[in-house]
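Quick notes on the structure that follows.
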Amino acid sequence: MSASVAAPPPALSRKAEFKAAKAELLARFQTATNVTPLMHALSRATDDALRRLWHECGLPATLALVAVGGFGRGELSPHSDVDILVLLPDAHARELDERIERFIGMAWDLGLEIGSSVRTVDQCIEEASQDVTVQTSLLEARRIVGSTALFERFMLRYREALDARAFFQAKVLEMRQRHAKFQDTPYSLEPNVKESPGGLRDLQTILWIARAAGFGSSWRELDTRGLITDREARELRRNEGFLKTLRARLHVIAGRRQDILVFDLQTQAAESFGYRPTPAKRASEQLMRRYYWAAKAVTQLATILIQNIEAQLFPATSGVTRVLSPGRFVEKQGMLEIAADDVFERHPDAILEAFLLYEATRGVKGLSARTLRALYNSRDVMNNAWRRDPRNRHTFMQILQQPEGITHAFRLMNQTSVLGRYLLNFRRIVGQMQHDLYHVYTVDQHILMVLRNIRRFAVAEHAHEYPFCSQLIVNFERPWVLYVAALFHDIAKGRGGDHSALGMTDARRFCREHGIEGGDAALVVWLVQHHLTMSQVAQKQDTSDPEVIKRFADLVGNERRLTALYLLTVADIRGTSPKVWNTWKGKLLEDLYRATLAVLGGAQPDAHSELKTRQEEALALLRLETVPPDAHRALWDQLDVGYFLRHDAADIAWQTRVLYRHVAADTAIVRARPSPVGDALQVLVYVKDRSDLFAGICAYFDRNGLSVLDARVNTTRHGYALDNFIVTQTERDVQYRDIANLVEQQLAARLAESAPLPEPSKGRLSRLSRTFPITPRVDLRADERGQYYILSVSANDRPGLLYSIARVLAEHRVGVHAARINTLGERVEDVFMLDGTGLSDNRLQIQVETELLRAIAV
């Protein structure tokens with residue numbers, strides 16, 4: 001008897017068939033260099049599947065199934081939504097509703113991510129008039145199956161109702177609002193390939209506006225119309241192709257709709273494009289640089305196109321308002337306009353002049369589309385001869401030396417690629433991401449952010465932000481020297497080697513070529529060479545040690561250098577990430593500045609005189625607090641010189657006022673107050689010392705979501721620990737005054753317990769840290785005097801890290817004398833001063849280092 005195999009149910013067969021067809025296309029998406037034909041093929045396969053379902057559901061010929069949005073355009077990324085409109089005649093039988101619901105349900109069953117609407121023609125027109133998003137999706141409507149007459153009637157009504165001018169204004173406003181959500185920059189760490197500035201949505205917006213205005217629906221048609229040039233059309237197609245391919249590969253790699261280029265996928269996406277890591281750059285950094293360049297080009301060309309379309313839709317009624325540079329530039333409706341299309345070809349020196357005029361001319365708010373286009377198409381003019389032209393070098397220095405508008409001018413020069421063509425080494429770092437868990441901007445954006453920060457110090461309306469910096473820069477002669485240093489301080493990033501040394505060479509050449517001589521040139525070069533030094537000294541060294549201050553003062557040499565380095569350092573740290581700067585770092589830097597300035601002014605770094613000064617200032621404060629005249633002696637007699645040097649007079653007075661009655665306390669005394677230096681909590685702990693005390697305090701802070709910024713640990717002569725911590729709450733918007741009492745009670749109770757130290761919790765790393773982990777490092781060495789050991793730790797930041805370190809030290813009975821906790825974005829670079837007892841044993845040193853590496857490993 002012959003066996004027969006039953007045919008699969010139609011639904012299963014249909015689903016398997018579509019799934020197989022889609023899988024074959026997805027496999028090709030992974031390697032295709034041009035995905036547009038595949039997007040069309042996926043759209044056609046989806047059309048076919050929907051037609052079959054339409055007929056199976058018995059939907060009448062009087063209805064129409066319409067593709068809208070990207071599906072209407074005939075382009076589907078691997079996991080894009082499939083947007084459809086079921087177009088109804090004005091009158092229809094109610095039983096059709098059930099069939100339509102069945103059709104949509106079967107489409108979902110097929111595996112399609114359906115976005116559906118069911119409307120009559122009148123309803124479509126009404127919805128479109130109320131919502132520009134609906135109006136946009138219908139702009140590219142395409143009939144799949146059903147009534148041609150109904151569809152054509154709908155399109156006729158739609159076109160009649162479409163107001164091209166109103167549509168233009170609505171879409172431009174929508175684009176600006178969308179850009180604002182992404183901080184108006186394409187240079188996000190995790191850009192949205194579709195929605196971010198310079199992404200696919202910007203290109204689609206231009207084509208929607210052009211289509212609505214009747215100017216065409218492709219780059220070729222816009223070229224024919226004269227809205228763009230052949231070269232611009234090629235650039236647009238090339239960058240659009242790259243962005244489409246990148247988006248499609250993200251979908252395939254993620255196995256779902258994924259438009260954000262998240263850290264987790266950047267390496268895989270880079271490898272799919274053939275990028276491989278080099279000693280200087282990760283594969284992901286190479287891909288991101290290509291993405292940023294594409295987004296930058298799209299932004300440039302979109303600006304030109306939108307202005308051109310606007311000029312066609314809203315013809316200007318007035319002509320030239322004033323001549324700014326005879327035969328070269330005029331102002332037209334607040335925009336800088338070239339006098340003739342070939343100005344830059346005939347006068348290459350006019351290229352930089354354009355930015356000088358933009359910067360220096362009141363009422364000029366930007367460059368016109370005509371000027372932007374001429375700049376874009378003058379790239380061949382910006383050659384070696386142009387860079388060497390003394391006129392251009394003079395103009396560039398004029399741009400740097402203007403009293404205002406410098407930041408805007410340099411940003412515009414970068415956006416138009418002129419800055420990178422004038423400074424070729426700057427061009428090398430445009431779009432270069434730094435996956436160092438510290439910087440959140442590309443190198444070029446970071447440099448311009450530092451320039452902006454220095455300029456901001458000099459602007460009166462921003463003086464309240466950093467009053468000390470503003471006070472210093474007002475009296476700083478020729479501040480443009482700082483701007484040059486800002487331009488070059490990181491210009492050598494990504495080349496391999498020491499970027500400070502390489503950048504110093506670039507800066508020296510720039511100064512020589514631009515007539516910067518003598519002390520100004522020497523200062524620029526010195527600042528680039530040492531731009532990291534002040535931060536490292538302030539955050540990693542014991543600045544209470546007079547020798548540390550003396551060495552730094554010897555390096556700096558004079559007040560002008562000190563002030564310049566301080567201003568550059570503050571601007572640099574603030575320009576890395578919104579998370580890195582805090583008031584505590586500001587205090588460390590300002591304290592170092594003031595201490596160094598005193599030495600440069602002739603003050604001798606003498607510990608005895610400094611101790612005497614601090615004590616006198618503290619006593620004056622205690623008298624104001626009505627503390628009895630000799631009450632401080634009981635406590636002060638138990639404190640060494642190091643205590644008085646590590647604390648300022650205000651802290652000494654506060655701690656003395658709290659403790660002078662409790663010098664021999666039987667129980668722990670814990671006091672907390674909002675930190676005088678900024679948004680943090682200052683915590684004082686006074687208790688009989690023990691080897692696990694520091695670890696126990698860190699355990700409490702860890703369990704309660706408090707991050708330690710600074711720890712100053714002191715042991716009195718009679719065996720008490722007098723420890724001072726600066727901590728912050730990881731949750732935002734906390735009122736430290738409200739939690740001070742709670743910390744005092746809970747921490748005192750915790751210290752009264754005799755329980756063993758708990759196991760450290762290995763908190764979760766951020767996605768950035770998981771994707772780009774740094775190699776943990778531990779360095780343990782004796783200090784120069786042999787009195788203490790210095791422990792340096794660098795690792796990915798995570799909850800519980802400090803306690804993990806403290807616990808290892810406690811287990812080996814290694815005392816912590818001081819700690820500088822330096823959090824740089826997603827990484828930490830902590831420095832501990834340890835008691836030297838026992839650490840002279842090399843075997844113990846190796847054991848401690850090994851266990852620390854194990855404790856901080858991710």
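Placement of Cβ uses the backbone N, Cα and C atoms for every residue, glycine included.
Here's what Swiss-Prot has on this protein:
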type: DOMAIN; residues: 443-565; note: domain 'HD'
type: DOMAIN; residues: 682-761; note: domain 'ACT 1'
type: DOMAIN; residues: 790-858; note: domain 'ACT 2'
type: REGION; residues: 1-324; note: region 'Uridylyltransferase'
type: REGION; residues: 325-681; note: region 'Uridylyl-removing'
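Secondary structure of the domain 'HD' (443-565) per DSSP, as helix, strand and coil residue counts: 88 helix, 0 strand, 35 coil.
Look at the domain 'ACT 2' (790-858): DSSP puts its residues at 26 helix, 23 strand, 20 coil. Secondary structure of the domain 'ACT 1' (682-761) per DSSP, as helix, strand and coil residue counts: 28 helix, 27 strand, 25 coil. Confidence in the domain 'ACT 2' (790-858), given as mean pLDDT, stands at 85.
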